[in-house]
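Student: Below is the structure I would like to discuss, written out as structure tokens.
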Amino acid sequence: MMYGETQTAGGDADRTAFRRAEKKYKLYKSQPPKSRKKKQSHRETDLSDVVDFRAVLESFERCGETPARISRLDCPGFHVPVFCFKDRPGFYFIPGALTVGEQAHWIRESLTTFPQPPNRTNHNAIYGPIYDLLIAVQHQKFLIESKSEAADLEPRHSYGENYQNRYVFSDASVATRKEELGKPIAASVLLRKLRWSTLGLQFDWSKRNYDVSLPHKKIPADLCLMAKKMAVPAMPLGEEFQPEASIVNYFGPSDMLGGHLDDMEADWSKPIVSISLGCKAIFLLGGKSREDSPTAMFLRSGDIVLMAGQARECFHGIPRIFTDQDQVEVSSLSQEFSNEQDVCFRDYIETSRININIRQVN
């Protein structure tokens, strides 16, 4: 599912309950009509109906009670509380599942390791495989089109591939001299335009299936281990989750993920393990029809959602991420990137959200 997409086109889309909820919570910007300044303001959003699982957890720890619609799952041996909606079987919410240090680790991986070839990103269609994007950002590089093996261009790392990149990173002076080959694009711009990367078995967005013929590496062992551990509440008794693919979504300040189903895996009894990092967001969980009114809930950095069984048939999406200071809630995470060499990570995560979702394909 691509950013801003919905499954229903035209005016009919506004008539569904799910679409009305998306419009209620999406970010609206406005500019005073007589203002000479370009500064925009955000229209205030009514958040009174949004479920806050942090508050649910605090209430449960204080008095052992949960709201009428929500129950706590009894999962022996699982180290953090897991909550469920009684009318949405197969949906599990684990608030604060990851420590701040763990969140920082996966943010680093998401911006460095996960976009590395042979993993594919949304940039592949235009530029081919791009190596070391974050390093290029840190060194203020530019991506330029190379029509010759110029000696003054930065050499590409050897990864045992015969593929010759048409696009390479160079410094500003080379980019200026080579402008006749095409307009240079700053690495920082490419990072901000990064929207997805795929790990393990590669997902073909155009065909909406997994293409086993595409080159790929196995999902990193530490990500597999974490996903297996977190999937336990949603797994059938006696079975272990087998991570085979992951889609990493990168959200900028105005991005949304339209209502959709994750229905391309063979066995829906196995969960999708979905990890939230960075800015707070609103998640909509609907029913099997777009006419079912969705439930809105906050997703914070470190929260994990599991969707298995009947929940896999429920429409869901992200209509909003928060980047304003009173809602963003990333101050403790920013402190993890307080060193000078981490400024790229800090600047990115203070205005962005990353979602890592891990799947068992077969």
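Cβ from N, Cα, C; glycine included.
All TrEMBL annotations are machine predictions without curation.
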Student: In TrEMBL, the Fe cation site includes H260, D262. Which of H216, H316 does it also list there?
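Tutor: Checking H216, H316 against TrEMBL: the Fe cation site match is H316.
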Student: Is it possible to get the count of other C-beta atoms within 10 angstroms of the C-beta of H316 (Fe cation binding site)?
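Tutor: Other Cβ atoms within 10 Å of H316 (Fe cation binding site): 24.
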Student: Let me know the DSSP-derived helix, strand or coil state of H260 (Fe cation binding site), please.
Tutor: strand
Student: Over the domain 'Fe2OG dioxygenase' (242-362), what is the model's mean pLDDT?
Tutor: 95
